[in-house]
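According to Swiss-Prot, the transmembrane segment annotation covers 54-74, 87-107, 121-141, 183-203, 227-247, 251-271. The annotation motif 'Histidine box-1' is assigned in Swiss-Prot to 109-113. According to Swiss-Prot, the feature motif 'Histidine box-2' maps to 145-149. Residues or ranges marked as motif 'Histidine box-3' by Swiss-Prot: 319-323.
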Amino acid sequence: MGLAKETTMGGRGRVAKVEVQGKKPLSRVPNTKPPFTVGQLKKAIPPHCFQRSLLTSFSYVVYDLSFAFIFYIATTYFHLLPQPFSLIAWPIYWVLQGCLLTGVWVIAHECGHHAFSKYQWVDDVVGLTLHSTLLVPYFSWKISHRRHHSNTGSLDRDEVFVPKPKSKVAWFSKYLNNPLGRAVSLLVTLTIGWPMYLAFNVSGRPYDSFASHYHPYAPIYSNRERLLIYVSDVALFSVTYSLYRVATLKGLVWLLCVYGVPLLIVNGFLVTITYLQHTHFALPHYDSSEWDWLKGALATMDRDYGILNKVFHHITDTHVAHHLFSTMPHYHAMEATNAIKPILGEYYQFDDTPFYKALWREARECLYVEPDEGTSEKGVYWYRNKY
């Protein structure tokens, strides 16, 4: 694994190099006002990229769910395989089904952005169905995620994976800054991080009172949004009760093998994808004195997940474009990304480090944020790792 090293150049708006051993150095995202506007970026994108086709979007749902069903049918034949192939078959199924259902999760996420079709009610019905099946409170998360898009990169108002300044880092964090502590932290984050965020707002924006995606009166939501939280909760209760009935008929072990472990993999990938999109030593964060929407939207990182880019419907390698134009359907996002890259220039960031290496590297290098020493840019924060 390559080692990261920063080279800093003085002056406002400077571009520091972040060197990764064996790779071309990545430049820090400039923190000055971009020399282009959102309107100019939109004009560079072919108009058809903004068109949402109901038929095309549904074709991806059918495609993913068809393969999910095929994978499930395959499990009914595992008992016919000789040892040890029957034991090997289950982990293969878990990985394949987990990756595929992550793609389903992404489509539901797209529904929440009104990027699935021209019809809001269709998007919400499809999104509610798909997300509830994956135990996600659709409307509850849609609302908080919308706020994330409105406040990306803001240390004061962003909703998730908000880094802390060194002075606010937990006292025990320095004792986890070693390979064993890092491995344990990642294991916990990837396995229970997502449900802990939904239930208790762990790693989310701090609020003055209890914040939970299941609580209609949580401070995350306004009065006019509370009914939607109830709808999400009822949908989740219905799915949970259905799973309980399945467990009584087929057994808990069967349910965990067919549904539980793939869902665990979905949750792990979701945390990985989100974390790596917004955590990188080349990305700035801003306090209220420096933040604006466009600078925050550009403080995101496109990543390369290999063949999984396609399985995950390119949420991984077109995330910059997604933050700029979130109602654009995923099947046009790559074309749009290629169209705006020449305009974005050094404001566009792409890291092709394999995601599993990047996850470990970022967990080691990106522990807290601080402004650069000796500069006037006190509202621009960069990742550090030295206690």
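Glycine too: its Cβ is placed from the backbone N, Cα and C atoms.
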Ranked first among 54-74, 121-141, 227-247, 251-271 for CB pairs under 8 angstroms with the transmembrane segment (87-107): 251-271
Tally of residues which DSSP labels helix, strand or coil - the motif 'Histidine box-1' (109-113): 4 helix, 0 strand, 1 coil
DSSP-derived helix, strand and coil totals, residue by residue, for the motif 'Histidine box-3' (319-323): 5 helix, 0 strand, 0 coil
Positions whose Cβ lies under 8 angstroms from the transmembrane segment (183-203), at least six residues beyond its ends: 135-137, 140-141, 160-162, 176, 211-214, 220, 264, 267-268, 270-272, 275, 359-360, 363
Secondary structure tally of the motif 'Histidine box-2' (145-149) (DSSP, helix then strand then coil): 5 helix, 0 strand, 0 coil
